[in-house]
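For reference, TrEMBL has these:
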- G30, L31, E32, G33, A34, G35, K36, T37, G95: GTP binding site (BINDING)
- T37: Mg(2+) binding site (BINDING)
Amino acid sequence: LMLTCGKGMLNAGRMFKATSHTRRHILMYGLEGAGKTMLLYKLKLPHWPRAQLIDDLKKLEAKEGADGSIDRGYHYEEFDKGGSFGKYGLWDIPGSAEMVPMWPVFYRYIPISGVIFVVDGADYEDVPKMMTVRQHVEFLYNEPELALCGFLVLINVGHWQIR
């Protein structure tokens, strides 16, 4: 997976630079099962025991609605780290086939400071999946609404231990 990140490197500081009264918004994208939700809640609740977090997330994913559908919705958490980080909201956007076409809705109606694209490191030999990842990253990187955002491609190697 190769992507030139000149624009993202120049604007990476914008991702977290905020004043005390400003809330920045960061979108977290990635294919289904890359570990986005695990990362979100590990950041929000760092002392949550890993094994319990994994069990709780599996239960959350397994819950079915009255119509038999599984909740594949987004997750949102707010953080207030103070200092130069300030306040920010982190959006975990599903990477399912149904949700990928909806990705632009988030950055067209919410002012975004940064994009984190999570890649499951265990998939590094799966060429078709990596090509899909590349297409998604390049698509997001070239969206005009995200032109001033910092970009981070995060390879989740800790996710290997969960399987």
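The backbone N, Cα and C atoms fix where each Cβ goes, and this holds for glycine too.
The record gives G30, L31, E32, G33, A34, G35, K36, T37, G95 for GTP. Within 8 Å of the mean position of their Cβ atoms, the other Cβ atoms in that chain belong to P94, V118, D120. Same-chain residues at least 6 positions away in sequence with a Cβ under 8 Å from that of K36 (GTP binding site) are, in sequence order, M28, Y29, G30, D92, I93, G95, V118.
The binding-site residues considered are G30, G95; of these, G95 has the fewest other C-beta atoms within 10 angstroms of its C-beta. A count of other CB atoms within 10 A of each Cβ picks out A34 as the most crowded of the binding-site residues E32, A34, T37. Taken over all pairs of the listed GTP-binding residues (G30, L31, E32, G33, A34, G35, K36, T37, G95), the Cα spread reaches a maximum of 11 Å, rounded to the nearest whole number. Reduced to three states, the DSSP call for A34 (GTP binding site) is coil.
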